[in-house]
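Each remark here refers to the structure printed beneath this line.
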Amino acid sequence: MPSCLIVDDSKVVRMVARRILEDLSFGILEAEDGKGALTTCQEKMPDVILLDWNMPVMNGIDFLRTLRSSENGDQPVVIFCTTENDMAHIREAISAGANEYIMKPFDRAIIEAKFSQVGVL
Amino acid sequence: MNSQDFQLFGEIVKSRSGLVLTEEKVYLLESRLVPLARRRGLESLEALADEVRRTQDERLLNEITEAMTTNETFFFRDTKPFDIFRDVVLPQLLKARAAKKSLRIWTAACSTGQEPYSIAMLLKEEAAKMAGWRVEILATDISTEVLEKAKAGLYSQFEVQRGLPIQLLMKHFQQVGEMWQIDSSIRAMVKFAPKNLLEDLGGMGQFDVVFCRNVLIYFDQPTKGKVLDQVHNILAEDGALFLGGAETVLGICDSFKPVDGQRGVYTSVKGGLMAAAS
């Protein structure tokens, strides 16, 4: 079973994403900020990371840059999932190493489409 | 809705578009026609049916048909057909048409334009192999309303997230307020025109590739056969016909054969490029 780490400071968003992804046969891990996500990745690198941008402690883009420069940090597929819905943020995320980008609000169709595009579904 | 009204709307739509409305589509009829009735100041579908019987207004009949024939679509729908087009069909056609350097592609029932624009973006990615080529993408639909949206190339955030890889959004779209507009260079590659598939298609000239996906499923068997026969007449013998995943020519039209190993792709039984390459 592939694993997906959901990183979002909103409990509701984590719950909605978990329901969709569990239904798509992913094993789910959760973190509420970038720092917590790094700790999880150090313990066991997930296959996919669904990543919010604006979070306390460490935001999504700082987490991604740290992840990509760490050992085995190039392995997970990272999909941003954020309310930052403009081209500047999209470009910044992709150049920092994100594989895909979801603009909130999302639904099951969007999650399925994006996960399918990056080859994890 | 009473059965006489359902029958009335069903006959209008069938005679003008070929689309068959079965009883289980009552919900679709209600969801599509209630807004139309309201726009005309009518309170119910019964009132709309009465208006049709009373006036036989040609414009109203067209609006009803258009409302019922607008189908869901999204960028790179099903993915695989576009991979087959790029990796199997296009290389063979580029070889076969090397002298003429010309390709004509038709997407029938293009709805709001995601399919022809997907093809255009794909061709632009392959531009290095196609220097000096003249490529025409003709996109048609029975509904003039959806064609207007298609021509504008403006899509919601939801629409650009279903099927469109982020790299292509970055490369070919501009943000316009809360919408996303496909670049003018891609829009210029596609010509949109109204076309009813039940009409004579003879005047359209010959095509090398026809995308007619998820259209035939709405037609009855004789109509499917009629449309396929017409498509066969305007498709090059070594051309490719793409149908939807749930569609087939088998048992409906003897002029096409499936291309081995390429699901949803058909070519003329008279021979051709695909068979020669397999």
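Every residue, even glycine, has its Cβ placed from backbone N, Cα and C.
Taken from TrEMBL as is:
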- B:1-257: domain 'CheR-type methyltransferase' (DOMAIN)
- B:Asn71, B:Thr73, B:Arg77, B:Glu115, B:Asp141, B:Asn196, B:Leu197, B:Arg213, B:Asn214: S-adenosyl-L-methionine binding site (BINDING)
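In the predicted structure, the domain 'CheR-type methyltransferase' (B:1-257) carries a mean pLDDT of 93. The highest number of surrounding Cβ atoms within 10 Å, among the binding-site residues B:Asn71, B:Arg77, B:Leu197, is found at B:Leu197. Classification of B:Leu197 (S-adenosyl-L-methionine binding site) by DSSP places it in coil, neither helical nor stranded. Neighbour density for B:Asp141 (S-adenosyl-L-methionine binding site): within 10 A of its CB lie 28 other CB atoms from the protein chains shown. Long-range neighbours of B:Asn214 (S-adenosyl-L-methionine binding site) (same chain, six or more residues apart, CB within less than 8 Å of its CB): B:Asn71, B:Arg77, B:Ala109, B:Gly244, B:Ala246, B:Glu247.
In the three-state DSSP reading, B:Asp141 (S-adenosyl-L-methionine binding site) counts as strand.
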